[in-house]
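**Q** Relevant sequence annotations retrieved from Swiss-Prot are reproduced here:
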- 1-19: signal peptide (SIGNAL)
- C44-C265: disulfide bond (DISULFID)
- H110, H113, D120, H211: Zn(2+) 1 binding site (BINDING)
- D147, H150: Zn(2+) 2 binding site (BINDING)
- C187-C235: disulfide bond (DISULFID)
- C216-C223: disulfide bond (DISULFID)
- 227-274: region 'Disordered' (REGION)
Amino acid sequence: MNKTAIALLALLASSASLAATPWQKITQPVPGSAQSIGSFSNGCIVGADTLPIQSEHYQVMRTDQRRYFGHPDLVMFIQRLSRQVSNLGMGTVLIGDMGMPAGGRFNGGHASHQTGLDVDIFLQLPKTRWTSAQLLRPQALDLVSRDGKHVVPALWKPEIFSLIKLAAQDKDVTRIFVNPAIKQQLCLDAGTDRDWLRKVRPWFQHRAHMHVRLRCPADSLECEDQPLPPPGDGCGAELQSWFEPPKPGTTKPEKKTPPPLPPSCQALLDEHVI
């Protein structure tokens, strides 16, 4: 057997293994009152809502992957934000990954999105609604220059600034992750109204979408919130540190073994996955 065939078989075996992630075997939300459990990168959800696929204000991408589940607060946030955007005539909001029916760990692509409180939203607002084919295979619009130091001026639109600001001003939002170059542009454009910038955090990648995270719902007693972002607009030395070259001898951290699940999430898996 030649090397190409061996590599292909290994890839297929790897894909099959990834597809067998226990959380992906739960195909419907777990009945019960809505409860986000654990942390954003190690948790689950009971009583998730399904984001309605049909809406005049937003469109859901990659519906074949069935990642449009979340806490009712997340569904209401998406509906609230997209309605604001529509009322301002800014375009259609494009919704990416939320979470799986019971939350939990993905087979790749996300470390978080596990408690039904995270959503990815494309940083483009089409004036014409996308076709079904476009939604199934969406084309991301990379807003960041090749060197990663600034946004591409021709692609940066006032509507995108407004979209991020509207999301950050929402009472339920605790963090929004964007590329450092996008955060930098927001800092430049913000003027004197800057309180909302505290919630916008620079992070790796995130060149074409923002990752919005909500605070733990008050009645989700097993939900673990993150500490609040540091005071201030986050436009100073911390942001600039993202553009500095890595220090000599810096190596990528080793991949950590996932921590044990919260007991309630483990019990959920034990009950619902054969």
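Each residue, glycine too, has its Cβ placed from N, Cα and C.
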**Q** Starting from C44 (disulfide bond), work out which of the binding-site residues listed here (H110, H113, D120, D147, H150, H211) have their Cα within 10 Å, and give them in sequence order.
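**A** Checking each Cα against C44 (disulfide bond), the hits are H113.
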**Q** In sequence order, what residues of the same chain, 6+ apart, have a Cβ less than 8 Å from the Cβ of H110 (Zn(2+) 1 binding site)?
**A** D97, D118
**Q** Sequence gap of 6 or more, Cβ distance under 8 Å: name the residues on the same chain that satisfy this around H211 (Zn(2+) 1 binding site), in order along the sequence.
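**A** Correct list: S112, D118, V119, D120, I176, F177, V178, W203.
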**Q** What does DSSP call C187 (disulfide bond) in the simple three-state scheme?
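**A** The residue in question, C187 (disulfide bond), is helix (DSSP, three-state).
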**Q** Taking the binding-site residues one at a time (D120, D147), which has its Cβ surrounded by the most other Cβ atoms within 10 Å?
**A** D120
**Q** State the three-class DSSP label for C44 (disulfide bond), counting H, G and I as helix, E and B as strand, and everything else as coil.
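**A** For C44 (disulfide bond) - judged by DSSP and reduced to three states - the answer is strand.
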**Q** Same-chain residues six or more away whose CB lies under 8 A from the CB of C235 (disulfide bond)?
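**A** When sequence neighbours closer than 6 are ignored, C235 (disulfide bond) has K183, Q184, C187, R194, L197 within Cβ distance under 8 Å.
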**Q** Of C187, C265, the disulfide-bonded residues given in the record, which has the fewest other CB atoms within 10 A of its CB?
**A** C187
**Q** When DSSP is mapped onto helix/strand/coil, what comes out for C223 (disulfide bond)?
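**A** Note: C223 (disulfide bond) is in a strand by DSSP.
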**Q** Please report the number of other Cβ atoms within 10 Å of the Cβ of H150 (Zn(2+) 2 binding site).
**A** 17
**Q** In angstrom units, rounded to an integer, how far apart are the Cα atoms of H150 (Zn(2+) 2 binding site) and H113 (Zn(2+) 1 binding site)?
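**A** Distance (Cα to Cα, whole Å): 27 Å.
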**Q** Which whole-number value in Å describes the distance between the Cα atoms of C216 (disulfide bond) and D147 (Zn(2+) 2 binding site)?
**A** 36
**Q** At a 10 A cut-off on CB-CB distances, which of the disulfide-bonded residues C44, C216, C223 has the highest count?
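**A** That would be C44, with the most Cβ atoms nearby.
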